[in-house]
Amino acid sequence: MSAAVPVPAPPQVDPAAAREMAREAAAWCALHGLVVGDRADPRSATVPGVGLVHAPFSLLPAHLPESVWRQACELAPIFNKLVDRVSLDGKFLQDSLSKTRQVDDFTSRLLEIHRKMVEINKEENIRLGLHRSDYMLDLETNSLLQIELNTISTSFPGLGSLVSNLHRTLINQYGHLLSLEPKRVPGNVASSKFAEALARAWAEFNVDSAVVMMIVQPEERNMYDQYWLTNHLKESYGITTIRKTLSQVEAEGQVLPEGTLLVDGKKVAVVYYRAGYTPNDYPSEAEWSARLLIEQSCAVKCPSISYHLVGTKKIQQELAKPNVLERFLENKEEIAKLRKCFAGLWSLDDEEIVKTAIEKPELFVLKPQREGGGNNIYGLDLRETLTRLQKEGGDALAAYILMQRIFPKASPAYLVRGGICHEGLVISELGIYGAYLRNKDKVVINDQSGYLMRTKVSSSDEGGVAAGFAVLDSLYLTDK
């Protein structure tokens, strides 16, 4: 175990100066579109431009050693390629998730759509992935460890791209107080890079009159993050985006005999999912029917059903087993880089590790097959859940995986939410975006595509911004 190298703490700011900076920053957010819907206004989730508040943000960027930043960026293209390779192995996906499907109806429904596509040997010549791999820097080992890999609805490329600009502006204005250099805040191109990948997929589809269809939730306070991509697509590439819920697709959509997806009379080139990752997005059979309809079409799916399944927690745990990465990747150096960032991951049929987790629950996280924040189980709740699942027996354990708990360094910081500046001890989570586009044998894009920094008070277990646990942040690169 290597000795921990402490991450330098951000400079301390006088509370009065912090309040002044927070007011300036909140005004900057309003002027530059760093906004979300206001929960106090019921129309804010359905009517654009109504009930806006600034997105929650950290007043100053989080410190991270530049060597760790480079390591995280280097991993993105390898993970992009891995997702694509794993997605092609239908038997691996079905076998790995076979126990999970028996106890998790959501995963079972996804697998059923996947099975139907495998049976008809459905071709996906153009494959588009917009991914985000999330990490924390473990204080004990000074290792960058992966929390999870997101392959569907990776949020905040739009708003996250703005925070680095906000922080550079504040450092320029208040540099005399902070002793910080704006050039150490890396630029964030997530918004333009994601738009470029969607546009390149649209171009590969090669139907000038076709649109990009964004699948959205009926109520979406984070719509402005999504509109940033829509705006880039229109202004930079002349591509029109339509926003539809899954139920609208079911009502308005059809697949023509040659495979073209028509929705509301428009040909769809690319389907970009910003919904569909949680059981809540499928309240009736209509939504499942729409998901199957899209999958049966020749439109480019971001993600396809197979890419979606690669992002499940169980597949993450399977890939961490000895010799499994070698099934999908040949380059030993790339495999070693991936293994270095894997945290401990175990299935619950490992009785020894379950026993250890019940005895020392503070060292583990229990994760179900769910995305979107707020679903993980910690501490005494973890012990109680594992004890109950063991008593119930059967396949109930298969709905979860156990993961090593990562302990990042806590630092003092100011967090701004609803115009109010709070000081507290915080920890941060780094997400690295990746874009991958392949047309048959030609890899068109395989890039690291910006980043997302999220910061939360250290006493909070969960980390989702949209779920209300965290704030948006950016990076300040340090020498060590």
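Including glycine, each Cβ sits where the backbone N, Cα and C put it.
These numbers come from a predicted model, not from an experiment.
As given in TrEMBL:
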type    : residues                                                         : note
BINDING : Arg132, 152-155, 220-222, Gln226, 274-277, Arg454, 465-466       : substrate binding site
BINDING : Glu148, Lys313, 367-376, Tyr378, 403-406, Glu429, Lys456, Glu462 : ATP binding site
BINDING : Glu148, Asn150, Glu371                                           : Mg(2+) binding site
DOMAIN  : 210-310                                                          : domain 'Glutathione synthase substrate-binding'
**Q.** Overall pLDDT of the domain 'Glutathione synthase substrate-binding' (210-310), taken as the mean
**A.** 98
Q: Count up the helix, strand and coil residues in the domain 'Glutathione synthase substrate-binding' (210-310) according to DSSP, in that order.
A: 43 helix, 26 strand, 32 coil
**Q.** Ser155 (substrate binding site) and Lys456 (ATP binding site), Cα-Cα, nearest whole angstrom
**A.** 17
Q | Other CB atoms within 10 A, centred on Ser153 (substrate binding site) | A | 25
Q) What is the total of other Cβ atoms whose distance to the Cβ of Arg132 (substrate binding site) is within 10 Å? A) 26
**Q.** Intrachain C-beta neighbours of Arg405 (ATP binding site), sequence separation six or more, cut-off 8 angstroms
**A.** Glu362, Leu363, Phe364, Val365, Tyr378
Q.
Most Cβ neighbours within 10 Å: which of the binding-site residues Tyr277, Tyr378 is it?
A. Tyr277
Q.
Using other CB atoms within 10 angstroms as the count, which residue among the binding-site residues Arg221, Lys456 scores least?
A. Arg221
Q: Please name which of the binding-site residues listed here, Asn150, Ser153, Ser155, Gln226, is nearest in space to Pro368 (ATP binding site), Cα against Cα.
A: Asn150
Q. How long is the line from the C-alpha of Ser155 (substrate binding site) to the C-alpha of Glu148 (ATP binding site), rounded to the nearest angstrom?
A. 14
Q. Near Asn150 (Mg(2+) binding site), which of the binding-site residues Arg132, Arg221, Gln226 can be found within 10 Å, Cα to Cα?
A. Arg132
**Q.** For Pro368 (ATP binding site), the number of other Cβ atoms found within 10 Å of its own Cβ
**A.** 16
